[in-house]
Amino acid sequence: MANSNMKTLHSLEGIGKIQFEGKQSKNPLAFKSYNPSEVIGGKTMKDHLRFSVAYWHTLTADGTDMFGTGTMQRAWDSYSGMDLAKARLEVAFQLFDLLDVPYFSFHDRDIAPEGDTLQETNQHLDIILERMKEYMRDSGVKLLWNTANMFKHPRFVHGAATSCHADVFAYAAAQVKKGIETAKELRAENYVFWGGREGYDTLLNTDMKRELDHMASFLHMAVDYAKEIGYTGQFLIEPKPKEPTTHQYDADAATSIAFLKQYGLDTHFKLNIEANHATLAGHTFEHELRVARIHGLLGSVDANQGNTLLGWDTDEFPTDLYATTLAMYEILQNGGLGTGGLNFDAKVRRASFELEDILYAHIAGMDAFAKGLRVAHRLIEDRVFEDVIKHRYRSFSEGIGRDISEGKANFHILEEYALKHPLIRNESGREEQLKARLNQYLLED
């Protein structure tokens with residue numbers, strides 16, 4: 001591993017690897033629920049949850065918002081350029097070690113600065129990638145996924161694959177080409193496409209059909225290139241309805257699935273579902289997970305939460321136990337996430353500016369999902385919801401209901417049946433009772 005030059009530049013000295021101490025512990029630098037070696041349903045917690053640290057929020061975010069400049073106290077920010085990139089890399093793996101996470105993720109521009117030309121930018125990346133491979137080899141930490149930042153630079157003002165300018169489309173293709181090469185080089189288990197500016201602000205100047213066709217063509221090119229170079233990781237689309245554009249083409253899970261199926265991409269892509277993006281789309285986290293799951297396209301998760309009182313992507317660390325429990329319920333029903341994981345696409349609050357806050361935040365999120373895993377497993381084992389659902393839809397298991405389910409009925413048959421059975425008796429959905437049961441399981445764990 002590269003020689004350490006950061007020992008005196010941050011406040012993590014003296015902090016050991018975060019350990020599981022149980023729910024009675026008062027130590028803020030200890031896990032209360034997350035016990036990586038604990039076996040649940042035949043798998044360890046570590047294997048179930050597959051936690052990942054997001055490079056951008058953890059290493060590059062400075063706390064800047066629309067109303068104020070950065071607040072984060074990060075010693076490595078005294079560097080600039082490639083020196084800054086190298087310093088961030090070293091601290092990143094120190095943090096991964098303290099948290100004992102198996103994975104991390106990044107955008108290309110998180111890990112190395114953009115140069116004056118594409119060639120210079122790629123040279124910067126190559127320098128960092130060589131060092132990163134050393135850290136990965138020495139630590140055993142793996143790359144969950146990488147992606148291309150095609151939303152920050154002014155060239156992407158009108159989008160990337162959906163830009164009205166062919167030169168921008170070409171540049172974006174070159175950037176993703178390098179990204180897929182990076183994924184292969186680092187053995188990334190997935191590669192993510194998040195279309196930050198793949199959408200529009202007004203239809204008055206937008207050829208939507210052309211832009212959708214171009215985006216599909218771009219993704220097919222990516223599939224072809226991955227095959228060409230032998231990259232076998234899972235491609236992921238990350239839905240989001242808005243921000244920074246007014247309307248993004250991958251608005252939610254259902255919209256993204258329709259797009260993938262329309263353009264024959266659904267055999268090559270799955271979805272990376274983010275909790276806060278579900279909130280922005282007017283859905284619950286578990287709704288988006290369910291939609292992806294029942295279509296066989298749930299690939300990975302960006303673990304965070306939004307603030308329903310605010311209209312933007314707040315990317316808070318996940319602490320809502322209802323949300324983490326219902327999320328893990330869907331993930332367990334999915335048979336896990338395969339090559340995916342729980343990536344903390346989350347940032348500490350602007351007022352949580354000390355370096356230790358990064359540890360507190362990740363501990364909170366990891367504990368919340370560990371708790372959710374335990375409760376969700378018990379709910380499934382006890383068939384708390386499954387038996388209710390089976391009973392609720394029992395009329396489709398016999399008689400006319402079975403004929404409907406098996407495709408044997410038609411309007412003539414159903415009209416005849418309705419005329420003979422004029423009395424319909426519905427039953428209560430018992431929503432409040434089920435919520436009380438959920439509370440009971442949360443309190444008992």
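Cβ coordinates come from backbone N, Cα and C, glycine included.
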Per Swiss-Prot: Mg(2+) 1 is bound by GLU238, ASP302, ASP345, and from GLU198, GLU274, GLU381, GLU386 the site also lists GLU274
Please tell me which one of the recorded positions listed here (HIS107, ASP110, HIS277, ASP313, ASP315) sits closest to ASP345 (Mg(2+) 1 binding site), measuring Cα to Cα? ASP315
Counting across all protein chains, other CB atoms within 10 angstroms of the CB of ASP345 (Mg(2+) 1 binding site) number 26
What's the CA-CA gap between GLU274 (Mg(2+) 1 binding site) and HIS107 (active site) in angstrom, rounded? 16
Given the recorded positions HIS107, HIS277, and counting only Cβ atoms in the protein chains shown, which has the most within 10 Å of its Cβ? HIS277
Which state, by DSSP, holds ASP110 (active site): helix, strand or coil? helix
Between ASP315 (Mg(2+) 2 binding site) and ASP302 (Mg(2+) 1 binding site), what is the CA-CA distance rounded to a whole number of Å? 10
Would you kindly give the Cα-Cα distance separating ASP313 (Mg(2+) 2 binding site) and GLU238 (Mg(2+) 1 binding site), rounded to the nearest Å? 14
